[in-house]
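Each remark here refers to the structure printed beneath this line.
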Amino acid sequence: ADSWMESAEAGHDDVIGWFEHVSEKACKVQSQTLRRILELNSGVEYLRKWLGTANVQEMDDYTLETLFTSLVPIVSHAELDPYIQRIADGETSPLLTQEPITVLSLSSGTTEGRQKYVPFTRHSSQTTLQIFRLSAAYRSRFYPIKEGGRILEFIYAGKEFKTLGGLTVGTATTHYYASKEFRTKQETTKSFTCSPQEVISGGDFAQSTYCHLLLGLHFSSQVEFVASAFSYTIVQAFSFFQEIWREICDDIKDGTLSSRITLPKTRKAVLALIRPNPSLASHIEEICTELESNLGWLGLIPKLWPNAKYISSIMTGSMLPYLTKLRHYAGGLPLVSADYGSTESWIGVNVDPHLPPEDVSFAVIPTFSYFEFIPLHRQQNHQDICSDGDFVEEKPVPLSQVRIGQEYELVLTTFTGLYRYRLGDVVEVTGFHKGTPKLSFIYRRKLILTINIDKNTEKDLQRVVDKASQLLSRTTKAEVVDFTSHADVTARPGHYIIYWEIRGDAEDKALEECCREMDAGFVDHGYVTSRRMKSIGPLELRVVERGTFGKVAERCVGKCGGLNQFKTPRCTTNSVMLKILDDSTVKRLRISAYD
């Protein structure tokens, strides 16, 4: 069934045929996947601790699954961390996997506020290649592209470092962009990124972005689609373009490279590709002048890249706030939501690339990991019996037992040494593709604003900020660029703080109205009751200076190594991030909707 994976020549139909086949038999494939994981890693220290000397090979699938789920506990990263730390320190005995681990990935670190190492093996790169090929096959059904075309791809490989034991550490994307699978992906999907490796791995976000834009325009007639890991990055890149387009035009006209590019390898690689092109420069200048003067940059992408068929990136979850701006830049170009995965494992593929991002769900790939699902039920009144204050949990169920409309937390058992690992993602089952469930990402479980009995999810926060930012746009010439929030429980009474970075000018009166709108906008019963009883204080809006969220990103990139992995957390308790936000605050407003 996996033969197409070995073949660089396998076409889109072969790839889709394989997935349809494994989806049809998803339950059986899941049992086989668990067996493969346990047979490959039989005898490792962690599994011996729970399974003893059980002979995995001699058991049938049902017995093996039952034994595994009854004896091996569900864990979070904290329980596996001591094993991963021993690997990082250079211990070579098989602790989590039989295959020696020489590379560790940094999990994004923007939700918990501290770094997490996750084992990375050849399997990680192979599944990335497989999902990209599968995804390209489904996209080509709706948006066929020319072979040999180019992708304007805003991708960034961060710096890698070594642990005490000599293991390489970096983000999963950094490892992938350096792997042979990344080169294979370009050859097998017959789409080539505009930028050379020296730009991707430059290590300076602004310099790499400038070069991505310059080379994207240099190859503009060949660009078939625009992509990045997250929609945030595309929006940020084009926001930057609005400021520097004249400089790029000068470089295209003269075949030169701006003095802002100081990295020697990057300069050399870019200058080797470009030649003076005065006619292209004047064409771009004409379009940009019109976009700037009359159109407010509406439709920037199709105007500058007329052969682009779509824009692809992760657009769900915490990326939803950037869709309005992305649609503005996209004009009428389709937005295609990229696939669902995490540093720990790829999870699902978008088999409906024609759907708008808000409606997308992801078909689980049953060969990638063994998936379990913890059913979650919102608990209104008896919060003391909830495991982490937000849900009542039932016993986890296998993929074969999930129900449409039910919310679950995902639990993964991976080929890379994670066993019954809580991912922290809450998903809803929206339907099935053949026999495999389709999941809609709801939010990260820990990202919940709460002070006492109030429970507001990322979705609730998003809805409130959306309404207030629309009010701001209607009443002023300003717009919200980015935001986050914090439940301040040190104050008496505690209250929510929402941080906004805005572009343009807004009078205090307009901002006060936005503040009132947000305070009134949280409709959770616990919040409304607490506000009326004054056990939660009025919401506070803090406006931060321009560039603040860029500073937050740089700080995280400095630690995490790649902007591909950075997502602005919509709620934070991270002291470093809060210090940057508070030091950059230029206005504080507290207007109550409950007086």
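Glycine is no exception: its Cβ is also placed from the backbone N, Cα and C atoms.
Not measured: the values here are computed from a predicted model.
Feature annotations, courtesy of TrEMBL:
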DOMAIN    363-444  domain 'GH3 middle'
DOMAIN    459-574  domain 'GH3 C-terminal'
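Applying DSSP to the domain 'GH3 C-terminal' (459-574) sorts its residues as follows: 55 helix, 24 strand, 37 coil.
When averaged over the domain 'GH3 middle' (363-444), pLDDT in the model lands at 86. Here the domain 'GH3 middle' (363-444) has, by DSSP, the following mix of helix, strand and coil residues: 6 helix, 45 strand, 31 coil.
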